[in-house]
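K.L.:
Please see the structure below; I have some questions.
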């Protein structure tokens, strides 16, 4: 959704802006040239600027990145996207001006009452799908209702209307429904239409407030009797049918034009007197038409409806919200699995996490964009990892209550899967998809280097207790068999692990546990130092400048989708629902762990690790398609850094107050996979540019690691 390219201009009457050269070259000692509010293209910088300073200085002015914001709130959101530790968010947090939107997006929100001069052929695959899915039985239903209205005698006018609508809904494309003028003898009917003043986001047009049969008294007893017969016999049946089609088409998303068509029919067309409704074919109609056009549809399918939003919320998140309600009702009402099985409840709970993650991300971005830096930092640090932490903590609590070590191993697998997926899969997928549109993509290697250094530090700190236990722990094996008959020969052992509880746990409590606490304190401290480095002392390494330019003739104030209080309420409600869904997921995961032939490692590193990150993956892909690979990479890096430097220390802190089976000692497979992933990622990001081939390498390595986890045996004790 990109507005038409228009040459930006500046408010030249602002005395604070200074000259062109001052706006482009602001030399401060040896720091070089810093771009400040670059409303005028660098090519317009006077030659005197380059004469006063070196060519290298002026070249640095040109290569710096400039982002144009529509208003102050969007500028703050864009700036937050490039701040280390802040959640990256692609969608707008304010309503975009209508005139700045593309024609494709304008068509999504337009009413189905616009007659096009050249609509083209109406015989398309989407229209044929409509005929097969909805058209034939809707038309047949109208024929039945028409026959029923003819039988009542008094409903003959409505029978004729249903007969016309039966032909219309069989193939509504290229036809028009009009509201014609009423003769003077029928002006008493106008009172029934006087209440049409409300509007609906789905219909996009006026909707009658309420049907009032007493309006028909002045028109005569015959009309009143026909209206009563219609409201009692015909209208309810058709409303139910149109409602079913409307909901189904809305859930299919690309059929939203069909949803609008049916919703507007039920709310407007069927409530009009039959003599005021005229169904005509466009080829038999002159343009412009005399009466008001209520419906005029050309296409049943529009593939661009994935961009459609309702009050700033993407249509996918809107459609998945009822799934959350269904999950909560089934989970807590059917606690004994009389209606559904545990596997279905676990799947529903896991799918419900996706829209809730979207709402949490949208709320965080809205609050941060409308607040100062301190509030935004606190909100991001508090709720940025709430999705994952909620699931991990509920799983550890359930494992502690049941005395089952498998839950702790599942949490470790999910932590490792999130780390490996965000380091390999997320940037790799963004490189592949972005590389299809752009031959070569560049990114800020300096900022990526900061995240890479923190990743090295965090991986080393997280796995330090594991390496310590390998060195000083005692190897204990469950089953050993002599391969040869010689007692001094080779033995084949199974279920081997390093025992840290020997000698009453002296090694663990005296050495490993203090090391875990030390690491859990150092990692958040390193995270804070990284925040201070990237946001305060070395913020210039991101080279991001927000321009307050605007399009000529467009002066708009920011109209936010969610105010700060509304975003806060949605954030808290989404967090509560997230906790409930995480509780249901952990409650019903036991049958999957015990009855499934798939390794628990694989379930943890795939389903439990990557499903909550799907909104972030979508954001990264959208940034990559706009040739903004820096943000795509930062999305994965920031999540991986938060896993090691925030989530794991919080889990360790939680185990202090609520003892669980969670220890910061990972299996060898987790250690090798994580370290190899971080090393490969640093090698790929070394030169600051990439293409789809390098992205393919990262994705393939990720799938190889998944294959290793798939064929790996389950953890000991599970």
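Note that Cβ sites are derived from N, Cα and C of the backbone, with glycine treated the same way.
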K.L.:
Any idea which of 259-279, 280-300, 448-468 is down as transmembrane segment in TrEMBL?
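P.N.:
The range carrying the transmembrane segment annotation in TrEMBL is 448-468.
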K.L.:
Within this structure, do the transmembrane segment (414-436) and the transmembrane segment (598-618) have 3 or more Cβ pairs under 8 angstroms, counting pairs 6 or more apart in sequence?
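P.N.:
Output yes: the transmembrane segment (598-618) sits against the transmembrane segment (414-436).
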K.L.:
Can you say which of 448-468, 515-535, 567-586, 664-685 has the most Cβ pairs under 8 Å with the transmembrane segment (313-332)?
P.N.:
567-586
K.L.:
Run the contact check on the transmembrane segment (515-535) against the transmembrane segment (639-658): 3 or more C-beta pairs under 8 Å, excluding pairs closer than 6 in sequence.
P.N.:
yes
K.L.:
Restricting to the same chain and to residues at least six past its boundaries, which positions have a Cβ under 8 Å from a Cβ of the transmembrane segment (664-685)?
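P.N.:
Residues 412-413, 416, 419-420, 423-424, 427, 443, 445, 448-449, 452, 455-456, 459, 462-463, 465-467, 469, 498, 500, 512, 516, 519-520, 601, 633, 648, 652, 694, 697-698, 701-702, 705, 708-709, 712, 715.
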K.L.:
In the same chain, who gets a Cβ under 8 Å from the transmembrane segment (567-586) while lying at least 6 residues past its ends?
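P.N.:
That would be 324, 327-328, 331-332, 345-346, 348-350, 352-353, 356-357, 359-360, 362-364, 366-367, 370, 383, 386-387, 390-391, 394-395, 398, 407.
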